[in-house]
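Features as listed in Swiss-Prot:
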ACT_SITE  ASP67  active site, proton acceptor
BINDING   HIS63, HIS65, HIS142, ASP205  Zn(2+) 1 binding site
BINDING   ASP67, HIS68, ASP205, HIS263  Zn(2+) 2 binding site
Amino acid sequence: MSPRELVVLGTAGQAPTRTRNHNGYLLRWDGTSVLFDPGEGTQRQMLHAEVSAPRIERICVTHRHNDHCLGVPGVLNRMAQDGPGRPVTLHGPDDAFEHLRALAVVAAAHVEVTVEGIPVRDEPVEVARVAGARLSARALDHRVPTVGYRLEEPAGRSFDAAALADAGITGPDVGELQRRGELRGVRLADVSVERPGQVFGFVMDTRDHPAVVDLVRDADLAVLECTYSERHADLARDRGHLTARQAGRAAARAGVRTLVLAHFSQRYPDLEELAAEARAAVAELGGRTRVHLAHDLDVVPVPPRRSAPARAAS
């Protein structure tokens, strides 16, 4: 099975540093790839990370600020050079539609590109299906219209082999039972339990807002910006960003399994300060979220599936 993992291409905020490129986050998911917020220099980072450009199916932009989208032309050119690739869809808020279309035109790449605007609403808006999973977007609170993204796999079923055998359900009958819900007096619930689908959440520039928790609720893996430390909370609020403490608290409240901290201000020479702040916030709420401080070119696996609950005895 193809891996599900996040490739971190860049982690800087508004200004890159000697060791941190502008934004760029590539999610590998069941043989396809979704690229989030490619800032300037993403194409070069893809080479370092050995990312296959033709596998990119969608580019999802949270808002029109340059550090989140100026890498689009280079990525499209890389896809054309490394092809043959699949058609690519470029998603972003309605407010950014013309901006994104211009970036696609500037690329002048021989890649089939569709630009789709997303209504910015205070409720989930379905964007697309990715390998059977639902990709949705929801409004956040930044200085320009901004969305966060959520990729949610449908729940599946875990079958009890012994219960199937006892019920005489074998071979193609298992699939028939799953489709119909009942077969020869045997109910699906008698021989299986629901298995939660995996969830990925992506939240960039935003003030602390209830939508942050909703976007990453029960996420196996979530990327949250933490541009500032809590000691610069006033600056974070004024500029429309999260602090590390706010990111940690949101992840803990949402039940996130692994939190990837990213989008750091260049004012912090030692980013362990931000990681420690987020971990302390998780601990304060009694959360179990693992906090990962992102570095450029990190590869962070989506945690293994949650175990299905035990089937009740009949």
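Each position is counted from 1, following the chain as shown.
Any Cβ shown, glycine's included, is placed from N, Cα and C.
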Most crowded position, judged by CB atoms within 10 A, among HIS63, HIS65, HIS68, HIS142, HIS263 as binding-site residues: HIS263
Cβ atoms near ASP205 (Zn(2+) 1 binding site) (within 10 Å, other residues, all chains): 27
Coarse DSSP state, helix versus strand versus coil, of ASP67 (active site, proton acceptor): helix
C-alpha spacing of HIS263 (Zn(2+) 2 binding site) relative to HIS63 (Zn(2+) 1 binding site), in angstrom: 14
For HIS142 (Zn(2+) 1 binding site), the three-state class that DSSP assigns: coil
Inter-residue Cα distance where the pair is ASP67 (active site, proton acceptor) and ASP205 (Zn(2+) 1 binding site), in Å: 11
HIS263 (Zn(2+) 2 binding site) to HIS65 (Zn(2+) 1 binding site) - Cα separation in whole Å: 13
